[in-house]
Amino acid sequence: MADLEKETLLETVTPGEVRKASVLQEESGAQEENGHQAKKFKGDQEELCKKHPKRKVVLLMAYSGKGYHGMQRNVGSSQFKTIEDELVQALVSSGCIPDNHADEMKKMSFQRCARTDKGVSAAGQVVSLKIWLIDNVVEKINENLPSNIRILGLKRVTGKFNSKNTCDARTYSYTLPTFAFSHKDKETQDENFRLSQETLNRVNELLALYKGTHNFHNFTSQKGPKDPSAKRYIMEMLCEPPFQQGGLELAVIKVKGQSFMMHQIRKMIGLVIAVVKGFAPKSIIERSWGEEKVDIPKAPGLGLVLERVHFEKYNKRFGNDGLHDSLNWVEEEEKIEAFKKEHIYPTIIQTEIEEKSMITWLATLPIHDYDATSLQQNQAEEEEEESD
């Protein structure tokens, strides 16, 4: 009869309850000097682990980045809250991972696909890790997350899967008010501006220059022109036709690349805006890939969104093996779009209206010295010729 009662208890208790029981067990350690009760508890936990095996999975995440200092955690620092802080706490609270691994997520083989910067949102972030596959796992994680962070999907993956290293490419979008493209001589920075087809064509002509492999050392910090890691491959980059929402005309720039460095996309877009507005010549884009230092403005982070991550090679090898799912998230598309409309786009629009981040940033464009380095280079070449 005692064994039957024990089995019934094990079937009803959750991993989260086991975790709580572990704390109580430690507090009552003085009453367990012979160790018999501790051994019994350990046995119960092992039985629970058998019922809910630990498996390697990927989680599809969407979040609004406003108010957070990026995706990646800073363990031991509570001053700057990140998306991962919220995620890890939810994983512990829902009983998916043991709480003693919360500060050492490497033990759970945790890896994010992309480190989004401060304030940057995501509609298709992917993280990989080992978790206990409890019942209704996605629902239980979401119950412990704020509404502006959601798990939209979960799939089993191979044991050696690493979301960062297995990822072939990443697609970002940047949503901005179209008045950012108005020329500096006839600037209109309000809801009355409308983007002409001619200007849109001009924007796309400039964005297309980024396609291919280039040295982007000028588009990030702490990387020199000789650093091999500054070379990045851009597959696609274009600006979609404008649309109106929340009283503003908006446009979305999409860029797909193998990987991106910190601030790279914001500087790529910032430089194109500077050229379209007439602050810098078109030639500055190609010149920025050279070894000389070029002053490049960095567009605000508000409109940047990680749209999706791509796993083409993985899908080709494992997506149809009968054991693992293809990581294309077709069934989750409606959820992704719904989250963007409810949490991401309204935040971008409302924040722009209230804080005027784009207008404030546009006012700084004239202070950049777009041709100083080229003038200095010309002077150096002239001096060299005179000394020969």
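Cβ from N, Cα, C; glycine included.
TrEMBL entries are annotated by machine, without manual review.
Annotated compositional bias 'Basic and acidic residues' per TrEMBL: 33-46, in sequence order.
For Asp117, the entry in TrEMBL reads active site, nucleophile.
Positions annotated as substrate binding site by TrEMBL: Tyr172. Cβ neighbour count for Tyr172 (substrate binding site) (all protein chains, 10 Å cutoff from its Cβ): 24.
Taken from TrEMBL, the feature domain 'Pseudouridine synthase I TruA alpha/beta' applies to 208-312.
In this structure, the C-alpha atom of Tyr172 (substrate binding site) lies 12 angstrom from that of Asp117 (active site, nucleophile).
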